[in-house]
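Noted in Swiss-Prot for the protein shown:
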- 71-76, 105-109, 129-130, Lys142, Lys151: NAD(+) binding site (BINDING)
- Glu184, His247, His264: Zn(2+) binding site (BINDING)
Amino acid sequence: MKLNVNLPEHPYDVIIENGALANIGTWVSSLWKKQKIVLISDNHVNGLYGQKVVDQLEKVGFEVATFEFPEGEASKNLLTAENAWNFCAEFGLTRSDGIIALGGGVTGDLAGFVASTYMRGIHFLQIPTSLTAQVDSSIGGKTGINSKMAKNMIGTFTQPDGVLIDPEVLQTLGQREFREGLGEVIKCALIADKDLWNLLTDLSADDLVKKLDKIEEIIYRSCEVKRKVVVDDELDNGVRLYLNFGHTIGHAVENTAGYGKVMHGEAVAIGMVQISKIAELKGLMPKGITDQIRKMVKKFGLPDEYQPWDEELLFKALTHDKKARGRIIKTVIVPEIGTAKINEVTFEEMKDYLKK
């Protein structure tokens, strides 16, 4: 399966193919001339796939060095980025060379940020190995690192030269890590794909989580939602905000819990349920939709709440949200399953959305 992210200045393909990891050398050779490559990966994923990827790249003539960092959201910071910049410089990486991200969302965000800022920008590729990264963060060009104030506070818009998705690598994910990715899948269904919602409704949790039943179709449909939105609104000024359903509160949960304690997809699930509950009470979403969302979230083992729920700390984190404009935050609501809408909320009104 192949999707084309047809952006005017930087179009690229997203390849979805079982066993694709075995053909990385051929794929990269089709996109880049022989050059130096820095492979960026965390210690866990690098241990699983790093040497195989390096061997294939070297076999077709690339010179490769691997920058490895400690697994987890806590590593997505300025210190890790600086270490990566220095590593690239010591390896002699120039603007004609490239960076490959091999890993989950943290790796993709970090590697993309490093690539977009090193020497004012060099080429990079995404090889996502988590469900969250495959269906969401590897596509669209958002890169970033966290600060103590907010998630992804420092970042760029920089598109990759290509994305290679191998669903087979999901077999090495732990169940929590796989379920976390379903938070983003459920979001895609809610904002833009009712057929995907129906597919998730019909699937049993065991068939999907343990057997990866229908996983290629689920990845493809989720990527197609992301592709359409990114092509329509590359820089996040309009409809691309729909992809942030559940993220305003979700990012605040991640920040206040301490990065890594609540996984991103888990926080998105919590955020979708919480904002829907209050929006439904305000008459902005149809009666009963929150229960539908909560039922779907819980079906796949995702949380629908978080403790301790500290409204003051969450509100403080929300004030640094990237969707804020002045004293207004553009939140996302779902008028019906398969559609999304922007709902502008003042900071003061946002306090209502944090009430349990």
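Please read every residue number as a count from 1 along the shown chain.
The backbone N, Cα and C atoms fix where each Cβ goes, glycine too.
Overlay of Swiss-Prot annotations on the structure.
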residue : record              : DSSP (3 states)
Glu71   : NAD(+) binding site : coil
Gly105  : NAD(+) binding site : helix
Ser130  : NAD(+) binding site : coil
Lys151  : NAD(+) binding site : coil
Glu184  : Zn(2+) binding site : helix
His247  : Zn(2+) binding site : helix
His264  : Zn(2+) binding site : helix
Fill in: Glu184 (Zn(2+) binding site) and Ser130 (NAD(+) binding site), distance between Cα atoms, whole Å
12
Worksheet item: If one measures from the C-alpha of His264 (Zn(2+) binding site) to the C-alpha of Gly105 (NAD(+) binding site), what distance in angstrom results, rounded to a whole number?
Response: 9
Worksheet item: Same-chain residues six or more away whose CB lies under 8 A from the CB of Glu184 (Zn(2+) binding site)?
Response: Leu131, Thr132, Val135, Asp136, Ser222, Gly265, Val268
Worksheet item: If you measure Gly105 (NAD(+) binding site) to His247 (Zn(2+) binding site) at Cα, how many Å is it?
Response: 15
Discussion item. Quick check: with Glu184, His247, His264 left out, which same-chain residues have Cβ atoms within 8 Å of the centroid of the Zn(2+) site Cβ atoms?
Written reply: Thr132, Asp136, Gly183, Lys187, Gly246, Gly250, Gly265, Ala267, Val268
Worksheet, complete the sentence: Quick note, Glu71 (NAD(+) binding site): same-chain residues at least 6 apart with CB under 8 Å of its CB -> Asp42, Asn43, His44, Val45, Val106
Worksheet item: Can you count the other CB atoms that lie within 10 A of the CB of Ser75 (NAD(+) binding site)?
Response: 21
Worksheet item: Quick one, of the binding-site residues Glu73, Asp109, which Cβ has the fewest other Cβ within 10 Å?
Response: Glu73
Worksheet item: Over all shown protein chains, what is the count of other CB atoms within 10 A of the CB belonging to His247 (Zn(2+) binding site)?
Response: 26
Item to complete: Count the other Cβ atoms sitting within 10 Å of the Cβ of His264 (Zn(2+) binding site), across every protein chain shown.
Response: 28
Worksheet item: What are the non-local neighbours of Thr107 (NAD(+) binding site), defined as same-chain residues 6+ apart in sequence with CB under 8 A from its CB?
Response: Ile40, Ser41, Asp42, Val45, Ala101, Ala133
